[in-house]
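What TrEMBL records for 1-21 is signal peptide. According to TrEMBL, the transmembrane segment annotation covers 37-55, 62-86, 151-169.
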Amino acid sequence: MGCCSGRCTLIFICTLQLVLALERQVFDFLGYQWAPILANFVHIIIVILGLFGTIQYRPRYVVVYAVWAALWVAWNVFLICFYLDVGGLSKDSELLTFNISAHHSWWSEHGPGCVRREMPQAEGVHTTESSSYITVMGCLMDYQYIEVMHSGTQILTALLGFVYACYVVSAMTDEEDSFDFIGGFEPFPLYHVNEKPSHLLLKPVSL
């Protein structure tokens, strides 16, 4: 009963993680955040692997998921530090885009209450990127705090997934050991057939 309850809970957590990861992947694609896009892709694959291992009783897959959950927590802690400018990191840098572009989080221009205005460039100023620049005003919440909330949610679900993954692996291992214990002390296997030597007596047949 305990193992079944743990498995059902882990299946729910993995499903929730998939939904949250897909939601985050969409907004990272819109913001051209290439590093998070790659991380989210790996995360989705391993969560699916953990979900499969939980359903099919594959403890090795669940162990891989548990290890990744710990790494996923570390990655999201890094993102929180990045957006809060902790430890020499800067949210204005192009680290998450691999210095390919100057894009920032999609929420920086499309957050709750944000109003985007395109301001034309002054005459005589020419750039190869755009003929106008964008100002954002009226945001109810700064975009970095929205990203921190996303990362905090990911950390919470990953920690829950790690705890339940360890529990499920332990329960699966105990079940396998109990089966081996019962089978090891069977006096005869179920497929054993007790054969007795048979003696054939040949008698002459008279017609």
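Using N, Cα and C of the backbone, Cβ positions are placed for all residues, glycine too.
Unlike curated records, TrEMBL annotations are generated automatically.
Same-chain residues lying 6+ beyond the ends of the transmembrane segment (62-86) with a Cβ under 8 Å from its Cβ atoms: 10, 14, 36, 39, 42-43, 46-47, 49-50, 53-54, 95-96, 105, 144-145, 147-148, 151-152, 154-155, 158-159, 161-162, 165-166, 168-169, 172.
Within its own chain, the signal peptide (1-21) is flanked in space by residues 40, 43-44, 47-48, 50-51, 54-55, 62, 65, 153-154, 157-158, 160-161, 164-165, 167-168, 171-172, 175, which lie at least six positions past its ends and keep a Cβ under 8 Å from the stretch.
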